[in-house]
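Quick look at what TrEMBL lists:
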DISULFID  Cys56-Cys61  disulfide bond
DISULFID  Cys96-Cys131  disulfide bond
BINDING   Arg152, Thr154, Trp165, Ser216, His219, Arg251  FAD binding site
ACT_SITE  Cys358  active site, nucleophile
DISULFID  Cys358-Cys361  disulfide bond
ACT_SITE  Cys361  active site
Amino acid sequence: LTGVLDDCLCDIESIDDFNTFKIFPKIQKLQERDYFRYYKVNLKRPCPFWADDGHCSIKDCHVEPCPESKIPVGIKAGSSNKYSKVANNSKELEDCEQANKLGAVNSTLSNQSKEAFIDWARYDDSQDHFCELDDERSPDAQYVDLLLNPERYTGYKGPSAWRVWNSIYEENCFKPRSVYRPLNPLAPSRGGLEFVCLFSWTGLCLEKRVFYKLISGLHASINLHLCANYLLEETWGKPRWGPNVKEFTRRFDPIETKGEGPRRLKNLYFLYLIELRALSKVAPYFERSVVDLYTGNGREDAESKALLLDIFRDTKSFHMHFDEKSMFAGDKKGAKSLKEEFRLHFKNISRIMDCVGCDKCRLWGKLQTQGLGTALKILFSEKEIQSLPENSPSKGFQLTRQEIVALVNAFGRLSTSIRELQNFKVLLQQTR
């Protein structure tokens, strides 16, 4: 993969260098911080589109939630407590620190903060979301330690996995020029991996091309994670995980995929650019003193915010950003209609993630979809972000802690994908 990407003025080599030397090491450290490692998710929501296939019984599909005893009191307080530091005293800080120093949110609220939270809740319930959000108050919603439940190959595949992606592409994705996709695994096969040309559209507008590339890039990134963290062998109960070159070739080789593999990887780079742009745009939101990544550990909180702001400085220094101003720039009525169609398509895709039969795949699918949805929300809220007050909670634009955690971890997954792609290039050269 070399050269300039379609629909933007950025080349692959520049992204590789920027990610390897600036972003990847820092985003890895940030994801290990208490604030970003705990994600609340409901893995028991029923599939809204078809009868449940039943869950994957493979042990690697299992997600281990945090035991109730290990969740700090501040986190248990619920979603109304976002991430902002509010009035507290030394005893409450001691309580937080005694709770195993896990990521917590201060549960004590001043009257002013309570009023702000009411405004925030009202805003969170509005229709600006690009994702179907889990109800954090549901008894089925649980906190998961993302570091203890890494995304990797679980063995989940076949008709159930095919149906999820087929529904995303067929029913919810704007269809581009000729694209080859695998046939239904239930269909009779003549041997080998067969493909069918699903679409042949020309003259697709920029917005719809972008939408398709985002979904394709997300799909490619997830496939890369599975190839890079594959169960290579299991002897005496000790699994060995690592890169599987054969699996990578099967999913991305031009010959194996009728030329689609390189396109998918280019879409991964495009998605990286979109989320990178969102991070650079949301920086002013976090630069305000009123926003604090609050866990109850003052030193850790300060270090986490400093590292996040350092990453924002890097994102702003990148000189070949995607220009989102070219999107929805036509007549106001048509642009508004297209933007709403864009939002509803993506929201539907987030609902499809509840149809994934493997819990670990569902966890990471929901997180990465929510991360991308948050990035889109940011890109379409530039005016609101620029007009935020410095020293008071904002009413025009707000991010929940779940959205922040999803945004950072989703971009971390893309950064990892591009880093793993470099590793596969080396491994492929060694096998030739």
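Count begins at 1; order follows the chain as displayed.
Quick reminder: no glycine exception, Cβ is built from N, Cα and C everywhere.
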For Cys131 (disulfide bond) and Cys361 (disulfide bond), what Cα-Cα distance in Å is obtained after rounding to a whole number?
-> 17
Among Arg152, Thr154, Trp165, Ser216, His219, Arg251, recorded FAD binders, what is the largest CA to CA distance in Å?
-> 21
Cα of Arg251 (FAD binding site) to Cα of Cys361 (disulfide bond): how many Å, rounded?
-> 18
Do you know which of the binding-site residues Arg152, His219, Arg251 has the most other C-beta atoms within 10 angstroms of its C-beta?
-> Arg251
Length of the line joining the Cα atoms of Ser216 (FAD binding site) and Cys361 (disulfide bond), in Å | 17
Cys358 (active site, nucleophile): which of the recorded positions Cys61, Trp165, His219 have a C-alpha within 10 angstroms of it?
-> Cys61
Looking only at Cys358, Cys361, the recorded positions on record, which one has the least crowded Cβ, with the fewest other Cβ atoms within 10 Å?
-> Cys358
Mind telling me which of the disulfide-bonded residues Cys61, Cys131 has the densest Cβ neighbourhood, counting other Cβ atoms within 10 Å?
-> Cys131
When neighbour density is defined as the number of other C-beta atoms within 10 angstroms of a residue's C-beta, which of the binding-site residues Thr154, Ser216 has the lowest density?
-> Thr154
Just how many other Cβ atoms lie inside 10 Å of the Cβ on Trp165 (FAD binding site)?
-> 17
In sequence order, the binding-site residues (Thr154, Trp165, His219) whose C-alpha falls within 10 A of Cys61 (disulfide bond) = Thr154
